[in-house]
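K.L.:
Just dropping this structure here.
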Amino acid sequence: MKLLTFKGGTHPPEKKELAKDKALLRMDPPQFVYVFLSNHAGAPAKPVVKENDTVKTGQIIGEPGGFISAYLHSPVTGVVRKIDKLYHPVQGRPMEAIVIERTSEDDWQFLDHSEWESLSKEQLLEVIKKAGIVGLGGAMFPTHVKLNPPAGKTIDTFIVNGAECEPYLTVDHRLMLEQAEDLVLGVKIVMKILGTKKAYIGVESNKMDAYEHLKRLCSDSSIEVVLLRTKYPQGAEKQLIYAITDRKVPVGGLPMDVGVVVQNVQTVIAIKRAVVDRKPLIERALTITGEAINNPMNVIARIGTTIQQLVDFAGGLKEDAEKLIMGGPMTGIAVNRLDLPILKGTSGITVLSHEAEPIKKPCIRCTKCVVSCPMGLQPYLLYLLGNKRKYDQAVEEGLMACIECGVCAYVCPSKIDHVRVIKLTKKVYQALRGGKK
Amino acid sequence: MKLIQSDAPHIRTKDSVRSIMLDVLLALVPAVAVATFFFGLYALFLCLFGAIVGELIEWFIVRILRKQKDFSFDLSAAVTGLLLAMNLPPTAPWWLLLIGLLVALGVAKHAFGGIGQNIFNPALVGRVFLLISFPTLMTKWTAPVRGFTRMPWDAMTSATALGVLKGSGFSEAIQRFSYVDLFFGNVGGCIGETSAFVLLLGFIYLLVRKRVNPVIPATYIGTVFGFASIMYLVNAERFGTPLFHILSGGLFLGALFMATDMVTSPMTLKGQAVFGIGCGAVTMIIRLFAGYPEGVSLAILLMNALVPLIDRAFKPKIFGEVKV
C-alpha cells in the first residue's frame, strides 16, 4: 500500500513500545490542582472566582481574556485556596494560577445545552467555546476560533491528526483504539460545524491496529482513514495536509488558506464529550513514558495535576533520570522541577536517562539538515545568520517559515543546536520589527 | 537528583563527525588492499603513514599551535592523510607525503580555521602542491608489481593510460591498457586510483550507510562520459573512447571520494549537480586540451572555489513558497 508522506524529515527511534500497549488508566483527582489562567494560546483567561469560593467540577473559573482565549473550568469539586503566580513552563515565566483544594467527590456542573442534533453551527461553536476546548496536540489554540474561519475562506476538508509522530508518545494511539467511537462522532460534529463533505483521519503506519480499527468504524461514512508513512514530523500541520490532500499551505499562511482545518485526535474527542456528554474540558489523556520512569503508561488526569503526582502514579523516577520533558523529546519543554502542573496541551511526560553529552563540532556541511528540513529551508545557513545577527538576511532565507520541528538539530552529526538559535532569531527579529513600528 | 533544563530536541542521532569519517576510512579499505596487491607493501605503508601521521599533525596543530583544548580524534585528518597518500605514485618517498600532509593540514585546513572551515579539499591542495614542487617524483609511474612483498621501484617505469593517450594516441593506449585492466586496477598510476571497481565498492558502502548521496559522482562521471562521447565523434584516435576516459586516471577516486568531500562541496542537491557537471567539464578540458594528461585534482579544486557562489545560486525551494 502507498503510504502518504512529505519531502524531508527523519525517523528517530520510536520508543513507543514503552507505553503503546498500556491501556488508558484514569487517575484519581489529586487533592490540589493548579490551573494556569494561561492554559491556551492567546490572552490569559480572567478569573471569575475568589479565594475561598467553593467550586464544582466543570464550573467556570475563568473567562476568555480576548478573542483568542478560552474558558477555564474547575477540574475538581472543592475550594479555591489562592490565586498565585507559578512558573509557567510554556511561557517560561511566573504566571497566575488558580489553586483549588479538592474537598469531595466530583459534583459536576455540566454544560447546559439541548440535544446536539438540534444545534446550529453557531450554537455548536458556542458549546465548544463554553467547554474551554483548545488544541490538545500541544499548541493549545482555542478550538472555537479554529473551527470558525473568517468569511471568505471556504473549508472543504477536515483532517484529524492521528499521526502522533513524536517519539515515545502513545496517547493518541491509545485513544484511537479505546475511544474510536467518540472520535468518529466528534468528526461528524466538526463536519457539521465546518459544512465539509469530506474528512480524513491520518494515522501513521506504526499504528496499524488503530488504523484498521478506525477503518472498520468508518467504512460506511464520508470519513476516510488514511495511512501515513512513519516519519517525523508527519504530524506537523502543513506536512500532514500535503501528504493527504497534496495541497501546500503558503508560507506565512494557515491551513484554511487551502480549505483545510486540522484537529488533533484528542481535541475531536473533547468536542464530542462537550457536545454530546456536556462535559467541559477538565481532564486530558497523556503518556508518561521514557527510559527513566519505572512504569511507563497512558493516563487520564485532571488539568492542573502536578508532574510529581503523575510521576508517582507511574511508579516514580529511576535513579538515572536526567531530563524531564513536558511533551515529547523532539519539541517538548524540559523542566527541572516536579511541582509544575500539566496544561491542557500537555500530551506527555517523557523522562530520559543520563546520556553522555554529545561532542559539539563545527559544521562539516554534511547537508543532512538541508536534506531533512521538511520546510525546504537551509538550517545551517539560518543558524549562521542568526549567530551573526543578520536578521533581515535570515528572514530572506525563509526564517519565518521554520516550523521549529527540530529535525535539523536531531540529524546533525556535529550536534549543532540549529533550532534553538532559529527560534531565538525569530523572537529577536519580531521584537526588533515590533519596535520599529 | 538533578534535572537538566535544555532546549528541544532532547534526543540526537547517534551519528557524529567521527562515525562519518570512520565510515569513509572503511570505504577506502578495499582500495588500499588492492593497491597493496598491485604495488606491494610500501603502498600500504604510505597509506597508513598518511592516516596516522595526519592525525598526529592535526593533534599538534590544534593542541600546540592553536592552543585549543577540545581536540578529539575525529578522524577527519586521517581521511585527509589517507586520501593524500592514495593520490601519490607508489614510488613516492615518505618525506614527500610528510610535506604534503603539512601543507594539506597546516595550510589548506587549519589556516582557514580547521574542520568545516576550509574552502579547498585539503588532500588535493597537498597533492597539487607536491605536483608543482616535485614534478618528477610526483610523476614517477610504475607498472603494477603484483605481489605483496615486492617494492614498486622494482617495477618497470611506465606511463599512465592517460599519458599514453596524450602522447601516442588512442590505438596505442588501448593496446597497452585493456578496459578490464583499467576497471580492476592492473595498471600504473596513483596508489588509490588504480581500481575503479573497488572504489565503487567502497562508495556503495557509503551509500548504504547513507553517508553520501550519488549526485556528485553521477553528474561528474556522467559529464566526463558525455564530453568524451562528443569528442570521440570528433576525433576517435586523438581523444579516445568515453569508456576509456571514465576508467582511466583518477576519475573514480576523485568523483567518489574527493569531489564528495562534504566541507568543500555544495549544500543542495541542485548545487551538487552543478558542481559535478563543472568538475566533469573542467576535467575533460584539462585532459584533452591542456598540458597535463590528467585534470581531476585541478578540476575539483577549481570547483571548490565556486562552491560559495553555487550555494548562493541554487537554494532549495521553500515548502509552500508562493512564486511572485
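Numbers here mean position along the shown chain, with the first residue as 1.
Each Cβ is built from the backbone N, Cα and C atoms, and glycine gets one as well.
Nobody curates TrEMBL annotations by hand; they come from automatic prediction.
Take a look at what TrEMBL says about it:
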type: DOMAIN; residues: A:352-383; note: domain '4Fe-4S ferredoxin-type'
type: BINDING; residues: A:Cys363, A:Cys366, A:Cys369, A:Cys412; note: [4Fe-4S] cluster 1 binding site
type: BINDING; residues: A:Cys373, A:Cys402, A:Cys405, A:Cys408; note: [4Fe-4S] cluster 2 binding site
type: DOMAIN; residues: A:391-424; note: domain '4Fe-4S ferredoxin-type'
K.L.:
Report the nearest neighbour of A:Cys402 ([4Fe-4S] cluster 2 binding site) in space among the binding-site residues A:Cys363, A:Cys366, A:Cys369, A:Cys412, comparing Cα positions.
P.N.:
A:Cys369
K.L.:
Which numbers of helix, strand and coil residues does DSSP report for the domain '4Fe-4S ferredoxin-type' (A:391-424)?
P.N.:
21 helix, 0 strand, 13 coil
K.L.:
Taking Cβ distances under 8 Å as the criterion, give the subset of the binding-site residues A:Cys363, A:Cys366, A:Cys369, A:Cys402 near chain B, ordered by sequence.
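P.N.:
The answer, in sequence order, is A:Cys363, A:Cys366.
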K.L.:
Which chain neighbours of the [4Fe-4S] cluster 2 site, leaving out A:Cys373, A:Cys402, A:Cys405, A:Cys408, have a Cβ atom within 8 Å of the mean position of the site's Cβ atoms?
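P.N.:
Leaving out the recorded residues gives A:Cys369, A:Ser372, A:Pro374, A:Met375, A:Leu377, A:Pro379, A:Ile403, A:Glu404, A:Gly406, A:Val407, A:His418, A:Val419, A:Ile422.
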K.L.:
List the Cα distance (Å, whole number) between A:Cys408 ([4Fe-4S] cluster 2 binding site) and A:Cys369 ([4Fe-4S] cluster 1 binding site).
P.N.:
4
K.L.:
Show, in sequence order, which residues other than A:Cys363, A:Cys366, A:Cys369, A:Cys412 on the same chain lie with their Cβ within 8 Å of the centre of the Cβ atoms of the [4Fe-4S] cluster 1 site.
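P.N.:
Near the [4Fe-4S] cluster 1 site, beyond A:Cys363, A:Cys366, A:Cys369, A:Cys412, sit A:Ile364, A:Arg365, A:Thr367, A:Lys368, A:Pro379, A:Tyr380, A:Cys408, A:Val411, A:Pro413, A:Ser414, A:Ile416, A:His418.
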K.L.:
Given A:Cys363 ([4Fe-4S] cluster 1 binding site) and A:Cys405 ([4Fe-4S] cluster 2 binding site), what distance in Å do their CA atoms have, once rounded to a whole number?
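P.N.:
A:Cys363 ([4Fe-4S] cluster 1 binding site) to A:Cys405 ([4Fe-4S] cluster 2 binding site), Cα-Cα distance: 20 Å.
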K.L.:
Quick one: what's DSSP say for A:Cys369 ([4Fe-4S] cluster 1 binding site), helix, strand or coil?
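P.N.:
In three-state terms, A:Cys369 ([4Fe-4S] cluster 1 binding site) counts as helix.
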K.L.:
Return the average pLDDT for the domain '4Fe-4S ferredoxin-type' (A:352-383) as a whole number.
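P.N.:
Averaged over the domain '4Fe-4S ferredoxin-type' (A:352-383), the predicted model reaches a pLDDT of 92.
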K.L.:
Provide the three-state secondary structure of A:Cys363 ([4Fe-4S] cluster 1 binding site) computed with DSSP.
P.N.:
coil
K.L.:
Fewest other Cβ atoms within 10 Å: which of the binding-site residues A:Cys369, A:Cys402, A:Cys405, A:Cys412 wins that one? Let me know.
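P.N.:
Sparsest of the binding-site residues A:Cys369, A:Cys402, A:Cys405, A:Cys412 by Cβ contacts within 10 Å: A:Cys402.
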K.L.:
Distance between A:Cys369 ([4Fe-4S] cluster 1 binding site) and A:Cys405 ([4Fe-4S] cluster 2 binding site) at the Cα atoms, whole Å?
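P.N.:
The Cα atom of A:Cys369 ([4Fe-4S] cluster 1 binding site) is 12 Å away from the Cα atom of A:Cys405 ([4Fe-4S] cluster 2 binding site).
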K.L.:
Could you state the CA-to-CA distance between A:Cys366 ([4Fe-4S] cluster 1 binding site) and A:Cys373 ([4Fe-4S] cluster 2 binding site) to the nearest Å?
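P.N.:
If we compare the Cα positions of A:Cys366 ([4Fe-4S] cluster 1 binding site) and A:Cys373 ([4Fe-4S] cluster 2 binding site), the gap is 13 Å.
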K.L.:
For each of the binding-site residues (A:Cys366, A:Cys373), count the other CB atoms lying within 10 A of its CB, then report the residue with the highest count.
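P.N.:
That would be A:Cys373, with the most Cβ atoms nearby.
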